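Quick look at what Swiss-Prot lists:
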| type | residues | note |
| --- | --- | --- |
| DOMAIN | 52-82 | domain '4Fe-4S ferredoxin-type 1' |
| BINDING | 62, 65, 68, 112 | [4Fe-4S] cluster 1 binding site |
| BINDING | 72, 102, 105, 108 | [4Fe-4S] cluster 2 binding site |
| DOMAIN | 93-122 | domain '4Fe-4S ferredoxin-type 2' |
């Protein structure tokens, strides 16, 4: 070992320089947030938990066109259309999304001509079993009812870019 290397090892110069570097950043404001108690604002384009929307009169928006089912790359959406009603429109009898398969790409939302299926702002939907991640029509409509205000605001903010 050379004298220079021995001197550096004895004086712990690397340790001291690392200590001063740590002290320099120690007194600066924190760059992180205290997550469960503080949350960053999310983008209007954020893709979270799926929801089915309703019209203001309470009627569901989905017209059973099955475009979302056809475009889904993960084949996570299953739709069964009911018979045509007297006014010629159709509604879904069954609308299921397998959230385990879903890759949250947003193609279903883009394909929907009536903005019925959307990916809402909720990202905290952890479950204890896989079966709870199979969303049926009732669960999706409940999500839509719960998050309608935030979803409508996000769609309005994103409208100039659509």
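Cβ from N, Cα, C; glycine included.
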Could you round the CA separation between residue 108 ([4Fe-4S] cluster 2 binding site) and residue 68 ([4Fe-4S] cluster 1 binding site) to a whole angstrom and send it over? 4
Which numbers of helix, strand and coil residues does DSSP report for the domain '4Fe-4S ferredoxin-type 2' (93-122)? 5 helix, 9 strand, 16 coil
Using Cα positions only, nearest of the binding-site residues to residue 72 ([4Fe-4S] cluster 2 binding site) (62, 65, 112): 112
Round to the nearest Å and give the CA-to-CA distance linking residue 102 ([4Fe-4S] cluster 2 binding site) with residue 68 ([4Fe-4S] cluster 1 binding site). 12
Which of the binding-site residues 62, 65, 68, 112 has its Cα closest in space to the Cα of residue 105 ([4Fe-4S] cluster 2 binding site)? 68
Which Cβ among the binding-site residues (62, 65, 68, 108, 112) has the fewest C-beta neighbours inside 10 Å? 65
